[in-house]
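Trainee: Pulled from Swiss-Prot, these are the listed features:
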type	residues	note
DOMAIN	2-215	domain 'ABC transporter'
BINDING	Gly38, Arg39, Asn40, Gly41, Ala42, Gly43, Lys44, Ser45	ATP binding site
Amino acid sequence: MISVEHVSKRYLTRQGWRTVLHDISFKMEKGEKIGILGRNGAGKSTLIRLISGVEPPTTGEIKRTMSISWPLAFSGAFQGSLTGMDNLRFICRIYNVDIDYVKNFTEEFSELGQYLYEPVKRYSSGMKARLAFALSLAVEFDCYLIDEVIAVGDSRFADKCKYELFEKRKDRSIILVSHSHSAMKQYCDNAMVLEKGHMYQFEDMDKAYEYYNSLP
């Protein structure tokens, strides 16, 4: 289970303190799939980072009783001076997983070839996303966080990502940030709308989208 309890997040900017999330609360059970809708700047990516543990909330608490992925295709944690393979080994040590399995899976899934042995700072954004997506799937989690990344690469690679995530791991929990109504209806059980840092929850996907589309 993931329990988000009265979570707020604020950052210090040149104009002073800016609150990005206001008193967010919800619970997610094992196997549940939740969609998050919101305009740019609504706080979606911030919420994903907090749930993953990349950042702590300013106030409130997030309780986790299941393993949670980092945001899929999030490459910000890579050390640019290290090769893709060195980053892979580092992640394997952190999560205590078999290096040979992760290496073989990543080589086959990412299709990066010899670029895996090049420094990550030489990668294009798409190559970094492929590596991050492959590593996210090579390390098994109870819950996967997806922040608008299913369109990584060409359509064939995107289809491969969808199969690995939504078919082979259909028993896992998913939090999906997307603007796509069809993706939400296909992959999620219910939806939440973030508006200016405030959360609105809907059990009916169409009602969530109706509210989302009514926003200015």
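In case you wondered, yes, glycine gets a Cβ from its N, Cα and C as well.
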Trainee: Over the domain 'ABC transporter' (2-215), work out the mean pLDDT and round it to an integer.
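Mentor: When the pLDDT values over the domain 'ABC transporter' (2-215) are averaged, the result is 90.
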Trainee: Around Gly43 (ATP binding site), how many other CB atoms lie within 10 A of its CB?
Mentor: 23
Trainee: If you draw a 10 Å sphere around the Cβ of Ala42 (ATP binding site), how many other Cβ atoms fall inside it, taking every protein chain shown into account?
Mentor: 23
Trainee: Under a three-state reduction of DSSP output, how is Asn40 (ATP binding site) classified: helix, strand, or coil?
Mentor: coil
Trainee: Look at the binding-site residues Gly38, Gly41 and tell me which residue has the greatest number of other C-beta atoms within 10 angstroms of its C-beta.
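Mentor: Of Gly38, Gly41, the one with the most crowded Cβ is Gly38.
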Trainee: Across all chains shown, how many C-beta atoms besides its own are within 10 angstroms of the C-beta of Arg39 (ATP binding site)?
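Mentor: Around the Cβ of Arg39 (ATP binding site), 15 other Cβ atoms lie within 10 Å.
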Trainee: Say we define neighbours as other CB atoms within 10 Å of the CB. Which of the binding-site residues Asn40, Ser45 has the fewest?
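Mentor: So among Asn40, Ser45, the binding-site residues given, the one with the fewest Cβ atoms within 10 Å is Asn40.
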Trainee: Under 8 Å Cβ to Cβ from Lys44 (ATP binding site), same chain, six or more residues apart: give me those in sequence order, or none if nothing qualifies.
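Mentor: Listed in sequence order, they are Ile36, Gly38, Asp147, Val177, Leu194.
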Trainee: Based on DSSP, name the secondary structure state of Ser45 (ATP binding site): helix, strand or coil.
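Mentor: In the DSSP reduction, Ser45 (ATP binding site) maps to helix.
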